[in-house]
Every structure is written in structure tokens, then in C-alpha cells.
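Undergrad: Okay, these came from TrEMBL:
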| type | residues | note |
| --- | --- | --- |
| BINDING | 53, 54, 55, 56, 57, 98, 147, 192, 307, 308, 309, 317, 339 | cyanocob(III)alamin binding site |
| DISULFID | 66-109 | disulfide bond |
């Protein structure tokens, strides 16, 4: 089975933030598993020069261990440091901000918690400064660092390194984030945005002082969203670039759906309409449904392949299949890509 590095790291970060019971037994077991996953994540793919999962998940693992005040072998840290120095975080869609930000948070945590020696701490500081410099340089006209979902990660770097008050780029990012809060619709994306909105970073979890508090959380039943009548038609295209054109387009059909339909609804409608035999599968993840198979072609981590979601002609979408709602007449492209 593949290492669950990222999922377990996020769970441990959340567990620490909720002030778990004093009994350290269950936590110790999970931390041990995370250390094991980090080793497996790397050892299984030494010949490829990258983790089995991704540098993003690998960085999350190092960050979670640091937040739990657990030492990490220097070799584990240097793998990330070397990858950052040689620009190995890039993937098919071109975005690196979220990965660089998580790595920078891990570097800052290791230095702050004094879990590394003075020489390595100096290298980590220098790497974090370089990441921060690239983020400022790459900030878009819309105020985002990379895209709306990587922006909270980048903002946490400025917060953790005490640069949020003196860096104008941070203020522009905060203004852009406040104008687009409706884009954060899943628990995972909200968990990334909320700390930044309150001027906090995940590193603050490490210094929390837990104390008894009354439980004031009251469950509420959300009001149903009003129905939006009407229909739209979305052109659905499936591309397999390894085949030469025009055969690279395995599917190209109009799909009628309700006006408020998401990409996932479009895929379901395409599978229900004949006679084109459209098929797909998804996997549940902490970020929502993950598109794992289309027309029998699987997105396999062993081959570093994933189904990239684009709008014609070549705009890569940063939202998941359950979040993005295409417009009437829009062309959606599912492209089997590599990272």
C-alpha cells in the first residue's frame, strides 16, 4: 500500500490543535507511524529522486512531527532542503507555491523548536528567505500567491516568519482572500484559510497551552440552498496526450446538466447518457472527491499521473470536481498528465 504521509500528517496537526487527552499512548503510536511513512515514502522511490507521494505530503509529514516536538533525522530534512535548492517541487500544472510554503513552514518550525543544529538551522533560514522572496516576486495581479488555495499557505509563511506586517504583498493577498471566501467550501480548504485570516500559522499549534474550557459548540442544521432552475450544456473532452492527434481526444460530447451542476455532476450526466459509454471513478480524500479513473485509464501515483482539469483552451483549474461549476457553453477538458 502507498504511504499515507499527507493524510496522517494532517490528522496529527488537527489532533494537536484540539488539545488531546494527557495520555500520550495513541499519539506516540501515530507519530511512530508517520516517521515510518516518511521513510517508506522516500525509500520506495530512491531511483526516481522524489518521494512516492509528493514533496507536498513529505513536507507536511516533517511539519507535523516538528509541531509534536519530535526530532527528525538530518537526512530526512536535507532531502527537502536539496529539493528546494534545485527546484524539484514543480509539477505538470506549474504550481509550486503550496509545496514551497509547507516546506518553508517545516524549516521554520525545526529552527524555532531548536530541533536541528546551528549550521543546519542557518541553511533552513536561508532557504525560507529564498522561498519568501520567490513568493513576493510571483504574486499575481489578482493578489494571489499561485492561486487562491495556495495563498493561505503562503500567507502562513509570512506570519510564521514575522514578515506579515512589513511585507506589502501580504496585505494584497489578505485583501484578495477576503473577497473570495466563498471559494473555500470543504473542511480541508477552510482549515488552510482560517489560521491565516486570524493572523496565525500551523506553527502556533506547537506552542499552544491547552486548558479546560466549556464546550460552547452547538450543532446547527444548515438551511437548504435555494434551487436554481434552468439548464446548461457543457462540452466534455477527455484527452490522452500519449496518443497522437486527433486520436488523443478519447471523448468529445456535449452534456446537458442543471444550471448549478458541478464538474462531478457533469461526469455523472455523461455516464448516464448513451450511447457513448463514458465511465469514471473517484476516490474520497480529505480534499474532496479525487478523479482516479476515466474511460478505464487510471491516474497512478506509481507513474506520477493524474487527471488534470482544464477549461478550453488550456486554463488549469485549481478547484476540485465537486467544487467547480462550469458555465453554459464552457468546454471542460480532462487530461491525463504527469507531475
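Yeah, the Cβs are placed from backbone N, Cα and C, and that goes for glycine too.
Keep in mind it's a predicted model, so treat the numbers as computed, not measured.
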Undergrad: What are the sequence-distant neighbours of residue 309 (cyanocob(III)alamin binding site), meaning same chain, six or more residues apart, C-beta distance under 8 angstroms?
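TA: Within the chain, residue 309 (cyanocob(III)alamin binding site) has Cβ neighbours under 8 Å at 263, 291, 316, 317, 319, 321, 324, 332, 333, 334.
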Undergrad: Starting from each candidate's C-beta and looking 10 angstroms out, tell me which of the binding-site residues 55, 307 has the most other C-beta atoms.
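TA: Output for this query is 55.
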Undergrad: Quick check for the class: what is the C-alpha distance, in angstrom and rounded, between residue 53 (cyanocob(III)alamin binding site) and residue 109 (disulfide bond)?
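TA: Residue 53 (cyanocob(III)alamin binding site) and residue 109 (disulfide bond) have their Cα atoms 22 Å apart.
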Undergrad: Near residue 66 (disulfide bond), how many other Cβ atoms are within 10 Å of its Cβ?
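TA: The answer is 26.
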Undergrad: Can you give me the Cα-Cα distance between residue 307 (cyanocob(III)alamin binding site) and residue 66 (disulfide bond) in Å, rounded to a whole number?
TA: 33
Undergrad: Hey, which of the binding-site residues 53, 57, 147 is the loneliest by Cβ count within 10 Å?
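TA: Minimum Cβ neighbour count within 10 Å, taken over the binding-site residues 53, 57, 147, occurs at 147.
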Undergrad: From the Cα of residue 66 (disulfide bond) across to the Cα of residue 147 (cyanocob(III)alamin binding site), what is the distance in angstrom?
TA: 27
Undergrad: Do you know offhand how many angstrom separate residue 57 (cyanocob(III)alamin binding site) and residue 109 (disulfide bond) by C-alpha?
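TA: If we compare the Cα positions of residue 57 (cyanocob(III)alamin binding site) and residue 109 (disulfide bond), the gap is 16 Å.
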Undergrad: Quick one: Cα separation, residue 55 (cyanocob(III)alamin binding site) versus residue 109 (disulfide bond), in Å?
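TA: Answer for this pair: 17 Å between alpha carbons.
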Undergrad: Give me the count of other Cβ atoms within 10 A of the Cβ belonging to residue 109 (disulfide bond).
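TA: So the number of other Cβ atoms within 10 Å of residue 109 (disulfide bond) is 24.
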